[in-house]
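Data first, discussion second: the structure below is written as structure tokens.
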Amino acid sequence: MRFNQVAFRYRRRAPWVLRDVTLTVPRGRIIEVNGRNGAGKSTLLRLVAGVVPPVRGSVGDRPPSVGYAPERFPAGQPFTARAYLGHMAAVRGVPAARVGEWAERLGFTGLLDTRLPDLSKGSAHKAGLIQALLAAPGLLVLDEPFAGLDAGTRAALPALLAELAAEGSSVIVSDHQGDLRSVPGVVRWQVADQTVHEGDPPEEQTVVEVIVARSQAEDLVGRLKADGYEARLR
Amino acid sequence: MIAAIRFQLSGYARSTRALPPVLALALLLGIVFSGPLGGTPAEARSGALTALGDLAALYFPICAWAARGLLDTEPDAQRHIGVVTLGRWRAMACGFAAAFVFNVCLALIAGAVPLVEAARSGVRASQLLPAMALLLLAALAATALGALASRALIPSPGRSVLVLLGVYVLDLLLGLGPLRVVTVPMIEWMGAAGRGPSAFTDALPWFALRTLAWAVLATALYARLRRMRA
């Protein structure tokens with residue numbers, strides 16, 4: 001899947017949220033999307049999932065089966081979790097038994113007969129994850145999937161995502177809390193300045209003062225520069 | 001797609017949003033049929049067709065309101081999930097189809113009494129079926145208006161109601177003047193129904209064509225505006 005010169009804003013004459021985004025979504029990898037609040041992470045995920053089309057540029061080769069869990073699960077719907085997920089399974093054309101399988105994996109079985117509006121925030125979030133996982137998606141887009149989850153599910157989710165990636169899915173996750181740090185091979189995208197940078201964000205710089213005899217100062221500065229540090233004599 | 005339509009209809013039926021349009025229709029039917037349609041068989045025939053003509057115009061805003069309510073029952077984030085799951089066009093088509101199916105049910109309820117009365121009093125099926133088709137076309141045009149006023153296009157509930165009622169009132173007003181050719185011909189078909197069965201039946205094809213054209217254009221506009229919206 002590929003973004004080519006993608007730009008997006010929500011309304012005409014509104015400020016651009018993203019501009020000139022050109023990137024490739026690698027297959028079979030987990031991508032962690034970072035960035036400060038309001039940087040455009042959720043917008044990027046919506047563009048990836050296909051919730052909104054780009055205003056400029058193009059998005060190509062999106063896998064046919066996409067799972068998407070929004071940041072806030074829409075719990076204000078007049079269904080029990082079982083009825084809702086049963087409907088979603090039918091819409092996706094997968095057997096209803098798949099609901100029970102994923103519910104068991106995410107520790108949700110006991111809540112299947114609870115009405116959606118009565119679910120706690122974390123439990124509603126699990127319902128959102130289950131509906132996204134139902135159809136073995138080739139592309140899985142999860143907006144803040146760790147928020148509100150209980151400790152057990154939170155610890156188990158990275159391994160589950162790694163399993164899906166190993167099976168060939170592209171898994172794109174926005175994450176504030178670094179829950180994917182333990183997973184090897186995670187690709188990192190940084191959303192900042194209306195665009196997306198691939199790779200880890202540059203580490204914060206600091207200044208270390210070294211007091212040394214004047215006769216040794218030039219020699220030390222030379223050695224530090226040779227080691228790749230920025231050093232100067234004052 | 002059928003599963004998605006069933007999902008939206010099920011959500012609407014389970015919510016309280018479905019009730020107000022149904023109650024409004026019940027009230028309208030109560031007023032229209034508060035007395036007998038006619039004493040003699042000839043009067044009953046005439047009364048039944050007049051009622052069908054009046055109903056198609058009067059239940060138009062109720063159907064538009066119901067369509068808007070059905071589409072707005074789905075929370076925004078669920079609509080986003082639907083777009084991802086089904087694709088933009090199929091998700092939009094499913095919502096529209098679900099609203100139209102609900103409005104077809106309203107049309108059948110609205111048309112039941114005059115249809116039964118007309119059949120009992122000896123009106124031929126060839127006269128009844130076009131009148132019923134007009135009810136369904138009015139439901140289609142009303143569905144398109146409801147969709148245009150839905151939250152996906154107009155997030156503010158106040159503005160949405162204004163647009164829905166404004167278009168209905170504008171349609172009625174334009175229907176009185178020279179621009180009536182661009183309207184859903186509600187005023188005209190109420191007038192034709194009042195002039196008697198033959199005038200109504202003769203005018204039906206022209207009314208039906210204009211209503212269908214209006215519905216197609218409004219649906220195309222809805223599809224175009226939804227193209228760039230989540």
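Backbone N, Cα and C define each Cβ position, glycine as well.
Annotation source TrEMBL lists transmembrane segment at B:50-71, B:92-116, B:128-149, B:161-183, B:203-223.
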Two-stretch contact, the transmembrane segment (B:203-223) and the transmembrane segment (B:50-71), at least three Cβ pairs under 8 Å: no
Selected stretch (most C-beta pairs under 8 A with the transmembrane segment (B:128-149)) from B:50-71, B:92-116, B:161-183: B:50-71
Cβ contacts under 8 Å made by the transmembrane segment (B:161-183) with residues that lie 6+ beyond its boundaries: 60-61, 64-65, 68, 145-146, 148-149, 154, 210, 214
